[in-house]
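The S-adenosyl-L-methionine binding site annotation in TrEMBL covers GLY77, GLY78, HIS79, ASP94, PHE121, ASP139, GLN146. The compositional bias 'Basic residues' feature in TrEMBL is assigned to 333-346. The region 'Disordered' annotation in TrEMBL covers 327-346.
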Amino acid sequence: MNVASPARPLEVDPLSLPTALGSWVARVVGGLRRHAVEGAGESPTSFYHEPVLMEEVLAGLVPAEEKTFLDGTLGGGGHSERLLQAGACVVGMDRDRDALAYAGRRLAPFGDRFRAEHGNFCEMRSVVPPRSLDGVLLDLGVSSWQIDQAERGFSFQKDGPLDMRMNQSAGETAADWVNQRSAEELAEVFFRYGEEKASRRIAAAIVAAREEKEFTTTLQLAGCVEKAMGGRGRKHPATRVFQALRMAVNSELDSVTAGLEAAQDVLKPGGILAVITFHSLEDRLVKTFLKERSTAFLDRPEWPEPRPNPALAWDLVSRKAIASTDGELARNPRARSAKLRLAKRR
């Protein structure tokens, strides 16, 4: 089947280069030609914003013909489109059926080289065989488009139902959480997932307010948090609370841990894992997972000598996370907190 003007495969092999990635990524990314991207039907920017760290992801995954990748967070299909343009095959997963529908239309010109699957990326073992993939990409968090849609309930700036589910056909909503959990449980969620120092004060205010009227909308909750915090500062006082609720509703950190384990099983030896994070909780989790499984020997004071690490499964492509360039930040402010970590399956 003919595919509309696929780009030339990227002829970059980062794994043949030293572990210290900073210098060679700068050279590789600087030499990559940016492609004009057109979606099927709607303009990508009208539905999903520009994917972050695009060139760095491509430099790490090195897409080409005969390679197969899993995009575990398909979203609007921006990353997948560039992989497909380079001649690769892609399996795209997403919990959001709206995202799957849009990406399916956008990527239809690539025919059977693209396949969409509805589900959480932590379930990737159910859609691809063991040790079958050349790369796995996970772009964690919520998309700008989801936040912008008031009816999805992710935004504290737009009034909508207090939902926050990535998969709107399953699970508890954010309204269920704030109306049914105890003050202690809410405070723990706000502190653990939002790193909110005033978690107990906010939780107490929510419990008191729901005795008068249950929470049903985003602005209702945002107003309660703002009142509990005594007004607005430079950052909206509900920012951390909404982040924490979203992560709890969607079991995001549990999904990340399970997804990393699954990626370890489905990647071929030499396959690449690329993970983009947007806040410190996710990044610490990914960093710790990879560090614990890329250390060849373990040492303890009570041991006479170091011992081989039985969990050894990865080689770090970069010991430090890759951040966005100044140029990308100027084009795409959403990229300011994005970090990319790359690892190679042993």
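Cβ coordinates come from backbone N, Cα and C, glycine included.
Comparing local CB density within 10 A for the binding-site residues ASP94, ASP139, the maximum falls on ASP94.
Here the binding-site residues are GLY77, GLY78, PHE121, and the one whose Cβ sees the fewest other Cβ atoms within 10 Å is GLY78. Mapped onto DSSP helix, strand and coil, the region 'Disordered' (327-346) counts 10 helix, 7 strand, 3 coil.
Taking the Cβ of GLN146 (S-adenosyl-L-methionine binding site) as centre and 10 Å as the limit, one finds 20 other Cβ atoms among all the protein chains shown. Sequence-distant neighbours of HIS79 (S-adenosyl-L-methionine binding site) (same chain, 6+ residues apart, CB-CB distance under 8 A): PRO51, MET54, VAL57, ASP71, LEU137, ASP139.
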